[in-house]
Amino acid sequence: MAATASPGASGMDGKPRTSPKSVKFLFGGLAGMGATVFVQPLDLVKNRMQLSGEGAKTREYKTSFHALISILRAEGLRGIYTGLSAGLLRQATYTTTRLGIYTVLFERLTGADGTPPGFLLKAVIGMTAGATGAFVGTPAEVALIRMTADGRLPVDQRRGYKNVFNALFRIVQEEGVPTLWRGCIPTMARAVVVNAAQLASYSQSKQFLLDSGYFSDNILCHFCASMISGLVTTAASMPVDIVKTRIQNMRMIDGKPEYKNGLDVLVKVVRYEGFFSLWKGFTPYYARLGPHTVLTFIFLEQMNKAYKRLFLSG
């Protein structure tokens, strides 16, 4: 029996009423911000791990758990939420822009008969949207890296930003507007790598699990494929991520930057800290990836349901 739409759920032309694009973009940003509240401590630990032992073989933190305990002891419970305002602004700018660009490009490239873009085209759309969102979100990213790194420094060396807006204002005032986009190339590169790795590894992992004969196309299969995809994505994107973190946190020494460019970061990390130091902070990065994605979609679904109930029904 065919389902019938409720009287208030359709417009004058008989088509189902849907949320305006602006509302979809707003909800996308808010969903990302909601998820960030829960995973911010993991972001902070990841950033501290990536800066640990910079330029030396000796590390400040032995493991991610050691880093978390050390931060709690030295800075208290509030310390693990340092930089939350910057994390929220990053989601507000990055997620909203990425979702907006993706939606617009997806609709433009959908056929007149409603045929959606193919896999390869969707991958290109995703990478383009991710890179654009990363560019827009770079100022908040710079503030986030600096704010989360501050607690590891001696008091006289700390930047002491009060919140993300204070950080952005002082960066412009003390270092100039271009500094807000310091590290934008590796930030955009990371977004491209993450989108490409997630798309490719998820579909391949899902197919591998189905072909094994132990899984059927259900939520367990999707969960396991997501976990494998997250592992691959983390491994692929972490070297780019540590480049981004180091560049955005660097200071000027005798009028010269600590690193010339991204390649210089990679060379120095491998030379002075060891090859596997490119994956510092792997555990919190991987642990953050899954929950943040899941929570984002949960919040997004709940906001969409509430909007439909309040404004599109009855």
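Even glycines carry a Cβ here, placed using N, Cα and C.
Remember, it's a predicted structure, so these values are computed and weren't measured experimentally.
Taken from Swiss-Prot, the feature N-acetylalanine applies to A2, supported by similarity to another entry.
Residues or ranges marked as phosphoserine by Swiss-Prot on the basis of similarity to another entry: S6.
The DSSP secondary structure for K256 (N6-acetyllysine) is strand. The local packing around K256 (N6-acetyllysine), expressed as other Cβ atoms within 10 Å of its Cβ over all shown chains, amounts to 8. Sequence annotations record features per position, and here Swiss-Prot assigns N6-acetyllysine to K256.
Per Swiss-Prot, the feature repeat 'Solcar 3' maps to 217-306. For the repeat 'Solcar 3' (217-306), the predicted model reports an average pLDDT of 92.
Residues or ranges marked as transmembrane segment in Swiss-Prot (evidence: sequence analysis): 24-42 (among others).
Per Swiss-Prot, the feature transmembrane segment maps to 83-101 (among others); the stated evidence is sequence analysis.
Swiss-Prot lists 119-140 (among others) with the feature transmembrane segment, giving sequence analysis as the kind of evidence.
Residues 98, 119, 122-123, 126-127, 129-131, 133-135, 137-138, 141-142, 225-226, 228-229, 232-233, 236-237, 240-241, 243-244, 247-248, 262 of the same chain, all 6+ positions outside the transmembrane segment (183-202), place their C-beta atoms under 8 angstroms from a C-beta of that stretch. For 183-202 (among others), the entry in Swiss-Prot reads transmembrane segment, with the evidence type sequence analysis.
Look at Swiss-Prot and you will find 222-240 (among others) tagged as transmembrane segment, backed by sequence analysis.
Marked as transmembrane segment by Swiss-Prot: 281-300 (among others).
Only residues 6 or more beyond the boundaries of the transmembrane segment (119-140), in the same chain, are considered here, and those with a CB under 8 A from a CB of the stretch are 86-87, 89-90, 92-99, 101-102, 105-106, 109, 164, 168, 171, 180-184, 187-188, 190-192, 194-196, 199-200, 203. If you look at the transmembrane segment (281-300), the same-chain residues 6 or more away from its ends with a CB under 8 A from one of its CBs are 27-28, 30-32, 34-36, 38-39, 42-43, 45-50, 63-64, 95, 226-227, 230-231, 233-235, 238, 241-242. Long-range contacts of the transmembrane segment (24-42) within its own chain (CB-CB distance under 8 A, at least 6 residues past either end) are made by residues 68, 80-81, 83-84, 87-88, 90-96, 98-100, 103, 284-285, 287-288, 291-293, 295-297, 299-300, 303-304, 307.
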